[in-house]
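Asker: Can you keep this structure in mind? I'll have questions shortly.
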2 protein chains.
Amino acid sequence: MLILLFFKNLFSSDSMTSEILKEIRKVIASKIPENVEITKVEFEGPELVVYTKNPEIVAEDGGLIRTLAKELKKRIIVRSDASALLDPEKTIEKIKEIVPEEAKITNIYFDDVTGEVIVEARKPGLVIGKHGSTSKSIIKHTGWVPKILRTPPIPSKIVEKIRKLLRRESKKRRQILRNLGCRIHRQPKYENDWARITALGGFREVGRSCLYLQTPNSKILLDCGVNVAANDEKNAYPYLNIPEFILDEIEAVVISHAHLDHSGFVPYLYHYGYRGPVYCSAPTRDLMALLQLDHIDIAEREGRELPFNAKDVNKCLKHTITLEYGEVTDITPDIRLTLHNAGHILGSAILHLHIGDGQHNLVYTGDFKYEKTRLLEPAVTDFPRLETLVMESTYGGKEDIQPSREMAEKRLIKVIYDTIKRGGKVLIPVFAVGRAQELMVVLDEYIKSGILEEIPIFVDGMVWEATAIHTTRPEYLSKTLSDQIFHYGYNPFTSEIFNKVSSSDERKDVVEGEPCVILSTSGMLAGGNSVEYFKWLCEDEKNTLVFVGYQAEGSLGRRLQKNRRDITFEENGKMKVYKVKMQIETIEGFSGHSDRKQLMKYVHNLSPKPEKILVCHGNAYKSLDLASSIYKKYRIETRAPLNLEAVRIY
Amino acid sequence: MLILLFFKNLFSSDSMTSEILKEIRKVIASKIPENVEITKVEFEGPELVVYTKNPEIVAEDGGLIRTLAKELKKRIIVRSDASALLDPEKTIEKIKEIVPEEAKITNIYFDDVTGEVIVEARKPGLVIGKHGSTSKSIIKHTGWVPKILRTPPIPSKIVEKIRKLLRRESKKRRQILRNLGCRIHRQPKYENDWARITALGGFREVGRSCLYLQTPNSKILLDCGVNVAANDEKNAYPYLNIPEFILDEIEAVVISHAHLDHSGFVPYLYHYGYRGPVYCSAPTRDLMALLQLDHIDIAEREGRELPFNAKDVNKCLKHTITLEYGEVTDITPDIRLTLHNAGHILGSAILHLHIGDGQHNLVYTGDFKYEKTRLLEPAVTDFPRLETLVMESTYGGKEDIQPSREMAEKRLIKVIYDTIKRGGKVLIPVFAVGRAQELMVVLDEYIKSGILEEIPIFVDGMVWEATAIHTTRPEYLSKTLSDQIFHYGYNPFTSEIFNKVSSSDERKDVVEGEPCVILSTSGMLAGGNSVEYFKWLCEDEKNTLVFVGYQAEGSLGRRLQKNRRDITFEENGKMKVYKVKMQIETIEGFSGHSDRKQLMKYVHNLSPKPEKILVCHGNAYKSLDLASSIYKKYRIETRAPLNLEAVRIY
């Protein structure tokens, strides 16, 4: 009985949804003024879409939607009924008339499916206007609801690609969202009397992060990463082959941030038939697609077969729903998700999940930095409620104390200064996303302030592309940076000191040119252009190699740190030995992870205090050390589960 | 890829099995003498069955089968080829000729399917003969391999029923076993690089014990009980409705002992399509069927609907494979099971599971008594290997120290003596299985030795039936008892002091008769005939009510222990109040569970020491107290998981 009933009716909720919509229509009818005609109400993913023949009245009365949203406890989008829409050509004219020229509109196009006009502009704030006045004016005069996108100051191929894809697939996407809406807003079937987390990857290890959250009503994944450093499939991918993981029943995937160890296995889910949503921040979506495609690309070039391909990345994009920090969103009938800034990389989020009707509040930190950096604000510590915390422990060991940012920056500048002075070049191998941009801001700052002389800084391929994405989403950057960009019109990433390098010829010019700084992937000299630069530069003692990130055991970076100085590469079928004479420096303190002190301080500052803390994303020793230290200091129950273990959270 | 491949081919192993059998035939051919003709070799459940035209030669050479078993690492059964069988009538004559009359054969019948002759006798030892000589002689002269069963000195309806069922279903059963054999002896598909236990019931609680053991290759259940005291289905049954529990993929169910909180939900599995084996000891099978049928019966009488019925008990019996203590048995391609005495009730077992090829050894104690009792030997502490122990904690709290057996017995005898002396009757409500028989042996002992005068002892319905099963399996009783029975021909259960009571009229005669002791179910005065006796006896201050077992909160027994003396019953639609005047005594020390001291001592005496101990079968406080005490005293990692949690054991 129990078993047979268990899966029945889980999604046969169409009639139930229409019942719910009927109720909602009643509420709307009772709340809106008589002169507003509603033509349609439907779910679109987590949101409720209201179509009206009088968008201008609704736009004018801002309180109306707020009241409805509060009353219905749903996020509401207002769209215009087809009959209220002005002819597209006239609309374009009208928009150009309404929006000031300084907004620098670069593109206007229409989405017939949603009745939205998409306006791409260099200064989207000016298209919105003060308190949305310009935007409202567009609605009033054209009927079209504007969706305003920033034209990145640095052109980004991936952003362009994603926008095109979503434009092309608008109709399909709306259908996806409508079906999803029915699923999300169904009535929960079972009493919410338990919830548990199964560790599918990234516990007592770093890599392939994957948490499986189950309640009697919902099954969702938090992160789904790969361990790119693993030698075999078994250790590279999360344990999705266990019996409780039923792909068809996964209702949502939430991605904390774009790094591959948190997002790299998502395409696999789509490859094997997952068609549910991925929730993440907008920067995470774009950066994730960039990194996933690069991962597939590298594997192809290296002749390794991955269990997914580039098409799956597109499928994923089609199903991704982006959320802003602080936006409370229903993702299943009994789970509400809110993203909060994690301070780790652009768009990185701490996930807050409210389960049931007040039953439980789970926070998963993902990777987080509890310190203000050049790039980002520190991770959020305040939550409306919190019972269970799952936190990372990359630097969870007692000894994992890092120098201050200031110290790290000074050291970096000194190393660069010395190298340039003696006529050398500085090679900094970096991951594409995160530290690279942090360093760019640092370099720009020190050059701007005159401490460092103006030297060319070369930013290679992937790093450049990731940086472009940063320029699309300045609102996610630290207050200092976004103030600079919005109020003073100064964007460090577009500074002239940075030069994009994207071909072999250009690279050759760089190494043969004047003293400079080079930022290039991969960060551990494990393939990628950083290795090419290394070969060119390593035999000249004037040059310097600077490591600013973790070098994994076995990587070339690590070997160099261990003072190996004869390095052999295979070139055109022959072995060639390089005698490394360049200076090699390791500078700690630029990490996007909280160090031990910051981890402890984070727990200390959490509000409210959680009842239970699960530790993940650290090797066994660090996870256990952090777990026991937190318990000893704060008397909070802690645990460092093993992969494949399930922990009841209530 | 991973997901799709995961379930494929799990059981499509027919061709693989025939490959394995081919190999086995080769080995057999190389080991047996030329004059032994083998006609067939096949798997039957965990065993390998070898058919021969020359059973007499094989029977004569005992070393031959031992050598083969060792070589093949399989349990081997030898059967006769049809051509070697003597005509049945002549066989019966021959058997009667060979077996001495003192064996008291009560029945002889044939199983054409297996080529076995079943001989039921009062003294089965005499049918076997010294070192099996009589048995071998039967084979030699008739070709039939004798299967020798004990005719219970007290007739048991359930034993009779089971024997009939198995006889009737012999052909079907053989097919079941043959299919099972293929499943068990398939090649494991995956590397055994992990195993985990999921707590499905009976963790931080008593009742509905159920553990789910998973390896990459196997899924099995250890115990599958109900909580008869629970108010609703949700708390009564184990969590079988979680996604990783896939009934179709369960390969084996192992039952530690017959009590319903360990076996009561097994019929449910068959009701919903499980057709795999149940492994347990022979007494567990019989007692389990008795208790399961009684459970169904009571529910029916009380108008409660259970999600299974009596037919499912039959299905279960048809699929049950009984094992002896110490018999090492393959139950899946990567799990080997051995039962060891648990000292709790007749046939109760500690389960030793050897996983993989030396990867891990798990011991699950079930309920266990680490003290010699009148009825049973103490629980086994020595195992060939042991890494993870799962142990019960019913009396795991610091304060759970029980008086010695001797003290308890003396108190009981004193209470009975006093009551009888003043002309009263003693009512002892008991569970049918366990304590009741322990008390019978005590009473018999004290009367035999003359300390207590010879008084009639009335044993009501279910208790009598359970006692009858005890007389069928004297080899499972304590050494003292089985010595008495086998060597001195004295069986306390057949003592004349015990009188069976099975009808209302008989019950009335008892309460109206002379001073006596009455043993009747239920043990907590929660329904059953003990309540009827109570009503008859409670208003007379000469009588005594003796509690020897745990009285659950809310039961009548508990209320009486708390000095409630006005008890109301509904009788024929009216409420009737009984003024309780009888003496009420609670005697501790007869428990079938280890007390705190015994639990700690058990861990102390374990050999080898486990690396990890999981605590179950106790309320939250007792489980946690025992877990932390063991850790503090022995520095063994302990854990008291919650239901629904999964613990990695390696």
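Using N, Cα and C of the backbone, Cβ positions are placed for all residues, glycine too.
So TrEMBL has the following annotated:
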type    : residues                               : note
BINDING : B:HIS257, B:HIS259, B:HIS344, B:ASP367 : Zn(2+) 1 binding site
BINDING : B:ASP261, B:HIS262, B:ASP367, B:HIS617 : Zn(2+) 2 binding site
DOMAIN  : B:111-181                              : domain 'K Homology'
DOMAIN  : B:207-420                              : domain 'Metallo-beta-lactamase'
DOMAIN  : B:436-560                              : domain 'Beta-Casp'
REGION  : B:18-85                                : region 'KHa'
REGION  : B:86-153                               : region 'KHb'
REGION  : B:592-650                              : region 'Metallo-beta-lactamase C-terminus'
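Show me how these features fit into the structure around them.
Answerer: Contacts of B:HIS344 (Zn(2+) 1 binding site) defined by a Cβ separation under 8 A and a same-chain sequence distance of 6+ are given as B:HIS257, B:GLY366, B:ASP367, B:PHE368, B:LYS369, B:LEU376, B:ALA379, B:GLY434, B:GLY592, B:HIS593, in order along the sequence.
In the three-state DSSP reading, B:ASP261 (Zn(2+) 2 binding site) counts as helix.
When DSSP labels each residue, the domain 'K Homology' (B:111-181) comes out as 42 helix, 13 strand, 16 coil, counted as helix, strand and coil in that order.
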Asker: For the Zn(2+) 2 site (B:ASP261, B:HIS262, B:ASP367, B:HIS617), what does the 8 A shell look like? I mean other same-chain residues with CB within 8 A of the CB centroid.
Answerer: B:GLY202, B:VAL206, B:GLY207, B:SER209, B:ASP223, B:GLY225, B:SER256, B:HIS257, B:HIS259, B:GLY366, B:GLU392, B:THR394
Asker: With the cut-off set at 10 Å between Cβ atoms, which of these binding-site residues ends up with the most neighbours? Options: B:ASP261, B:ASP367.
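Answerer: Within the set of binding-site residues, the most crowded position is B:ASP367.
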Asker: Inside 8 A of the center formed by the CB atoms of B:HIS257, B:HIS259, B:HIS344, B:ASP367, which other residues of the chain have their CB, for the recorded Zn(2+) 1 site?
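Answerer: Everything else in range on the chain: B:SER256, B:ALA258, B:HIS262, B:ALA342, B:ILE345, B:SER348, B:GLY366, B:PHE368, B:GLY434, B:GLY592.
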Asker: Near B:HIS259 (Zn(2+) 1 binding site), how many other Cβ atoms are within 10 Å of its Cβ?
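Answerer: I get 27 for this one.
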Asker: With DSSP as the yardstick, break the region 'KHa' (B:18-85) down into helix, strand and coil residue counts.
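Answerer: When I sort the residues of the region 'KHa' (B:18-85) into the three classes, I find 34 helix, 19 strand, 15 coil.
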Asker: Cα-Cα, whole number of Å: B:HIS617 (Zn(2+) 2 binding site) versus B:HIS259 (Zn(2+) 1 binding site)?
Answerer: 13
Asker: Return one of helix, strand or coil for B:HIS617 (Zn(2+) 2 binding site), based on DSSP.
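Answerer: In the DSSP reduction, B:HIS617 (Zn(2+) 2 binding site) maps to coil.
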Asker: What count of other C-beta atoms do you get within 10 angstroms of the C-beta of B:HIS257 (Zn(2+) 1 binding site), across all chains shown?
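Answerer: Excluding its own Cβ, B:HIS257 (Zn(2+) 1 binding site) sees 30 Cβ atoms within 10 Å.
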Asker: Translate the DSSP assignment of B:HIS344 (Zn(2+) 1 binding site) into the three-state scheme.
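Answerer: In the DSSP reduction, B:HIS344 (Zn(2+) 1 binding site) maps to coil.
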Asker: Going by DSSP, how much of the domain 'Beta-Casp' (B:436-560) is helix, how much is strand and how much is coil, in residues?
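Answerer: Secondary-structure breakdown of the domain 'Beta-Casp' (B:436-560): 63 helix, 16 strand, 46 coil.
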Asker: Just counting, how many other CB atoms are there within 10 A of the CB of B:HIS262 (Zn(2+) 2 binding site)?
Answerer: 30
